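Following: one structure in structure tokens, then a few remarks.
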Amino acid sequence: NEIQRNRLLIETNEKTLSEPKQNNQTKEAFLLSLSSVHPDTEKIIPVLFRPPAFLPITLPLVIISSVQQQAKHAFFSQFAFHTYTTAFTLVNGNATPKAQEDSVQQKQILLGLGAISYSACVGALPLMYMNRYALKSPLMQLVVRKLLPAPLLGLTSAFTVAVVRSPEFENGIEVMDRHGKVIGVSKKAGEKAVMETALSRAVLFGTTFFLPEVLMYCVQRARLVKSPRGLSPVRMFVIMSVLAGMLPVSFSIFPQCGEIKRADLEPEILASTEETEFFYNRGI
């Protein structure tokens, strides 16, 4: 109800030229609308999948995944992690109307389940080999527990985005001119949108796993924490700080309203317009 009231306020202010459009109340209404309503469908996004919910939900999942010692536990923790991030990606992706909408959604769900299972297996695989073959050397511990998790989580996070949103570059997404008029449906714009989102997700979680390891190594070398028990809360604080700092970077590294040049679009779309710049909803 609050979201609907704020959207009504925005529409009213746009029609009433005598009132200032950028007062504080209107700005707050815009922010609430942007974070709660899908830009393509104008449907209200479920609370758990809105951008403000991303940090508090993924933070405990990232912490749990980073401390697992057994392959089975690592699989289930990463399965839960990828399930949420994949669902978030699906809900916040581009929603260009497509033929046979139900079949597309069913395909995305099946692809998502496959990508989640595969990514969880890949994440648990190094621990499985290390425990199964009793590889306990310091070098192996360093590689499996410190060096591999960051690139693996970054790559699997990008992989799940690319898989679950693959119908976007198979079917294309809507592109608009600078006035918001839909010019056509472009597969090249869909591919660009998916790849940019996948890269931003890889940067987010790859950095979130890699940077805390570097910082914790510096803390231990400098002996800033005397008690071994004190390292756990410090580690959690570092992970939280890095994730909280990287989240706005990841969401904004590519603008949500993406831009694509005329030379990068299909000829059939260009035949109907003389515009040189086009825009699309990249998704989150």
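Quick reminder: no glycine exception, Cβ is built from N, Cα and C everywhere.
Feature annotation from TrEMBL assigns transmembrane segment to 109-130 (among others).
Look at TrEMBL and you will find 198-219 (among others) tagged as transmembrane segment. Beyond the ends of the transmembrane segment (198-219), by six or more residues, the same chain brings 62, 66, 85, 89, 146, 149-151, 153-155, 157-159, 161-162, 225, 231, 234-235, 238-239, 242-243, 246-247, 249-251, 253-254 to within a C-beta distance below 8 angstroms of the stretch.
Annotation source TrEMBL lists transmembrane segment at 231-254 (among others).
Long-range contacts of the transmembrane segment (109-130) within its own chain (CB-CB distance under 8 A, at least 6 residues past either end) are made by residues 65, 68-72, 74-76, 78-79, 82-83, 86-87, 90, 136, 140-141, 143-144, 148-149, 152-153, 156-157, 159-160, 163-164, 166.
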